[in-house]
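One structure is given below, encoded as structure tokens.
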Amino acid sequence: MKKQKLVLIGNGMAGVRAVEEVLKLDSEGFDVTVFGSEPYPNYNRIQLSKVLQGDTEIADITLNTWEWYEENGILLYPGETVTSIDTVNQTIVTDKERQVSYDKLILATGSVPFMLPLPGADKEGVTAFRNIEDCERMIEASLSYKKAIVIGGGLLGLEAARGLLNLGMEVDVVHNSNTLMDRQLDNTAGKMLQKELEKQGMNFLLEKQSAEIVGESRVEGLRFEDGEVVKTDLVVMAVGIRSNMKLAEESGIPVNRGILVNDHLETEVPNVFAVGECAEHKEMVYGLVAPLYQQGKEMAKRICGETGNGYQGSVLSTQLKVSGVDVFSAGQIIEEEETKSVTLFDDWRGVYKKVLVNDGKITGAVLFGDTKEGTRLLNLINKRAPIEEYMDNKGAEEAGADLIASMPDTEMICGCNGVTKGAIVEAINAQGLTTVDQVKGCTNASRSCGGCKPLVSDLLAHTAGDAFEQNQKESICACTSYSKEEVMEEIKAKGLTYTKEVMNVLGWSSDEGCSKCRPALNYYLGMLNPAEYHDEKESRYVNERLHANIQKNGTYSVVPRMYGGVTNADDLRKIADVADKYKVPLIKVTGGQRIDLFGVKKEDLPNVWSDLDMPSGSAYAKGLRTVKTCVGADYCRFGTKDSMGLGIKLEKKFEGLNTPHKVKMSVSACPRNCAEGSIKDVGITGLDGEFEIYVGGNGGTHLRKANLLAKVKTEEEVLETTAGFLQYYRETADYLDRTSAWVEKMGLDHIKSVLANKKTFIELNHRMDEALSVVQDGWKQALEDKTLLRDLYQNLKVPAGSN
Ligand SMILES: Cc1cc2nc3c(=O)[nH]c(=O)nc-3n(C[C@H](O)[C@H](O)[C@H](O)COP(=O)(O)OP(=O)(O)OC[C@H]3O[C@@H](n4cnc5c(N)ncnc54)[C@H](O)[C@@H]3O)c2cc1C
Ligand SMILES: NC(=O)c1ccc[n+]([C@@H]2O[C@H](COP(=O)([O-])OP(=O)(O)OC[C@H]3O[C@@H](n4cnc5c(N)ncnc54)[C@H](O)[C@@H]3O)[C@@H](O)[C@H]2O)c1
Ligand code: SF4
Ligand code: FES
């Protein structure tokens with residue numbers, strides 16, 4: 001049967017989940033095309049709070065990898081915005097003038113942050129907090145500026161404020177009412193929350209009306225209506241969101257506060273659906289993922305021609321993601337005339353619980369300081385349970401009964417994803433799951449805000465018993481319970497030689513593995529057996545497979561190697577000729593002292609490399625990127641050493657080496673450290689008669705100053721110590737750990753003691769030499785292998801917006 005064309009506008013959390021639901025019901029029925037204005041695959045927007053707070057990284061919040069789209073045959077156009085819909089001829093047009101027809105269209109355009117229309121709101125230093133760019137903007141501001149104001153004391157504002165405090169800024173939160181989170185908490189809980197956050201260092205300006213953002217081109221202060229001006233370098237607006245429905249409205253699809261939909265998420269226009277924050281269902285527009293995911297499930301049934309009761313609306317519950325503060329609320333928050341409540345207020349322990357009752361039925365709850373009962377209360381509110389049900393169980397809990405054991409199977413464990421205790425227990429028993437990650441992989445529980453992780457963990461301990469206890473170690477991914485160390489042991493003991501074999505022999509739960517374990521296994525296998533192992537291109541991330549970095553607009557960047565940042569007229573001429581011939585729109589000098597050609601079309605990549613005839617700079621690789629050097633003794637009057645010469649030697653020695661994550665190095669010829677060794681994975685400083693070797697520095701999001709590993713006398717010793725350090729990192733780090741994280745994990749003293757052991761040091765160097773003996777240049781290898789060339793550059797299914 002001919003496949004139907006399903007087009008999704010909006011590559012965000014609600015839209016992509018809805019597509020997952022469609023594929024679950026009918027994996028063969030649709031050709032799916034996805035447009036997303038943001039230049040990324042679908043990521044967990046919720047976790048941006050955690051990124052800002054320094055608990056996770058942007059790289060770790062991807063929900064659906066590039067490979068996921070590819071594997072499911074989905075055509076993704078990232079960084080491309082749909083600008084109009086012709087609902088009569090069933091076509092859409094994008095800002096790149098691409099026209100695509102559809103049989104079924106899903107609008108999942110989300111929300112736009114509401115920006116207060118204050119005079120001065122367009123100044124530099126004023127931002128929303130909605131997407132990766134906003135998050136990066138705040139992190140960047142924290143590197144140069146000291147003071148921030150967050151306007152809005154709701155969930156978003158408080159999570160942003162906690163993040164900015166963690167980034168070392170002073171933070172004022174400006175709120176227009178006298179209670180924080182006034183949409184989610186009552187006055188008592190709001191005041192307790194304020195006290196707790198003040199202890200953490202937040203300053204509150206309550207009942208304040210902002211009037212103007214003052215400053216020249218950049219924000220310098222915020223003026224209130226009462227005339228007071230508070231100084232600031234950054235203003236974050238977190239005063240709510242508005243449905244993003246402009247496209248729908250302009251295309252004649254009926255809207256109100258959102259795009260109007262019925263119980264099956266159908267708009268009033270045939271074959272056009274809307275889901276997520278852009279949709280309005282029964283006068284409600286939702287701003288949390290739980291209802292959006294429920295909507296997606298019901299919509300998928302209708303799209304796949306299945307029957308269902310349709311979406312019936314959701315009871316909202318919220319939890320603030322600020323560590324050290326437990327707040328939960330659900331359903332009704334404030335008492336009405338007929339409302340009764342069960343209240344506990346323990347000022348001593350800082351615990352407050354209020355359960356609201358109408359007609360003997362539980363209708364809402366507010367918890368502060370102890371939120372263990374949150375999920376249970378949400379379940380009771382959802383089924384409008386009689387208050388006795390809560391009180392009876394409360395007795396059991398107080399008598400010490402196990403909360404998890406006493407939960408019925410129908411009770412919800414993961415509110416975001418609608419996963420019940422019964423579903424998790426069934427998955428644990430049927431598939432022998434022993435880790436939270438595995439439960440996430442199989443059931444979706446804990447895949448969104450992560451708030452239910454402790455409950456999932458308790459449930460695992462209760463259901464899997466010993467197996468869970470033994471498995472407190474981190475498994476590589478949800479496909480297996482094996483840790484990295486165990487997998488490496490098994491590879492060595494059983495002589496395993498390729499990724500599928502490892503998965504097979506070690507009983508992976510999925511035959512194909514996943515985007516987390518495939519690249520990791522490929523790395524571990526190659527590292528353990530460099531001479532024999534055939535690198536599996538298909539197990540690498542897409543940038544590494546293509547030997548180029550995909551850019552926002554779907555084109556690629558090309559960086560030839562420029563050893564030690566030193567170049568010559570011939571190379572510069574070649575680069576200029578290539579730039580002219582392929583109409584390269586941007587030539588940029590990088591922070592690593594080389595030249596980047598931006599905007600190269602995918603189909604031009606092989607010819608560009610061939611014409612350049614220079615080694616690849618591996619700017620895409622988990623391997624040595626750059627060795628930055630200062631000008632050194634030959635030219636600088638402070639220089640004590642030939643920093644450029646040593647930099648070139650280091651780069652020539654380690655280029656092409658695979659490492660768990662990217663590695664950046666530098667060499668400076670005096671302690672003035674012009675090549676910035678204190679933020680490099682390996683930074684060398686030349687002194688009179690010796691070199692200092694610093695390791696584990698990081699200049700990115702998680703700034704880390706490098707530690708002094710060793711002082712040595714000669715260049716030879718620098719090369720050997722670097723080799724010993726890098727090989728030990730290669731052998732013991734988890735795949736995707738930067739040296740900064742690894743040094744913290746292992747401890748500097750431990751690494752020093754390993755390298756101080758002469759025998760171990762020689763063996764590490766020996767194994768490094770073995771690894772280096774087989775490295776190949778990525779571009780050369782691709783150019784020489786015609787099959788590879790064809791597979792990589794002609795068969796790639798993700799056009800990523802390419803022309
Ligand atoms: C920092 C932060 C923390 C949060 N924490 C929580 C939490 O703890 N719990 C919770 O439940 N929720 C939380 N949320 C809310 C949650 O992230 C949203 O409810 C959810 O992401 C909405 O999903 P969506 O798909 O409707 O919209 P979005 O995720 O915004 O996706 C819409 C996408 O469509 C794209 N788009 C729009 N128009 C077009 C067009 N014309 N063409 C192509 N693409 C287009 C947009 O660029 C966007 O990428 C948080 C939100 C933020 C910002
Ligand atoms: N943990 C979570 O669940 C979480 C975290 C972050 C964001 N979110 C979601 O993201 C969306 C945006 O969050 P939000 O906090 O911006 O929205 P919100 O509407 O929940 O809160 C905005 C707050 O700003 C206040 N406000 C409005 N105008 C103001 C003004 N002029 N001056 C000072 N204060 C003002 C409001 O009183 C309100 O308390 C919401 O849908 C929210 O549910 C959820
Ligand atoms: S690090 Fe020292 S030697 Fe090198 S350029 Fe700077 S001042 Fe000169
Ligand atoms: S409750 Fe949010 S991920 Fe489970």
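Cβ coordinates come from backbone N, Cα and C, glycine included.
Taken verbatim from TrEMBL:
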{"type": "DOMAIN", "residues": "5-283", "note": "domain 'FAD/NAD(P)-binding'"}
{"type": "DOMAIN", "residues": "317-384", "note": "domain 'NADH-rubredoxin oxidoreductase C-terminal'"}
{"type": "DOMAIN", "residues": "412-461", "note": "domain 'BFD-like [2Fe-2S]-binding'"}
{"type": "DOMAIN", "residues": "476-525", "note": "domain 'BFD-like [2Fe-2S]-binding'"}
{"type": "DOMAIN", "residues": "551-613", "note": "domain 'Nitrite/Sulfite reductase ferredoxin-like'"}
{"type": "DOMAIN", "residues": "621-757", "note": "domain 'Nitrite/sulphite reductase 4Fe-4S'"}
{"type": "BINDING", "residues": "CYS630, CYS636, CYS670, CYS674", "note": "[4Fe-4S] cluster binding site"}
{"type": "BINDING", "residues": "CYS674", "note": "siroheme binding site"}
Cβ contacts the domain 'Nitrite/Sulfite reductase ferredoxin-like' (551-613)/the domain 'FAD/NAD(P)-binding' (5-283), at least three under 8 Å, sequence gap 6 or more: yes
Within the predicted model, mean pLDDT of the domain 'Nitrite/Sulfite reductase ferredoxin-like' (551-613): 94
Chain-mates of CYS630, CYS636, CYS670, CYS674 with C-beta within 8 Å of site centroid, [4Fe-4S] cluster: VAL631, GLY632, PHE638, GLY639, SER643, SER668, ALA669, ARG672, ASN673, ALA675
Position of peak Cβ density within 10 Å, selected from the binding-site residues CYS630, CYS636, CYS670, CYS674: CYS630
Summary of DSSP states over the domain 'Nitrite/Sulfite reductase ferredoxin-like' (551-613), given as helix, strand and coil counts: 27 helix, 14 strand, 22 coil
Number of helical, extended and coil residues in the domain 'BFD-like [2Fe-2S]-binding' (476-525), per DSSP: 27 helix, 0 strand, 23 coil
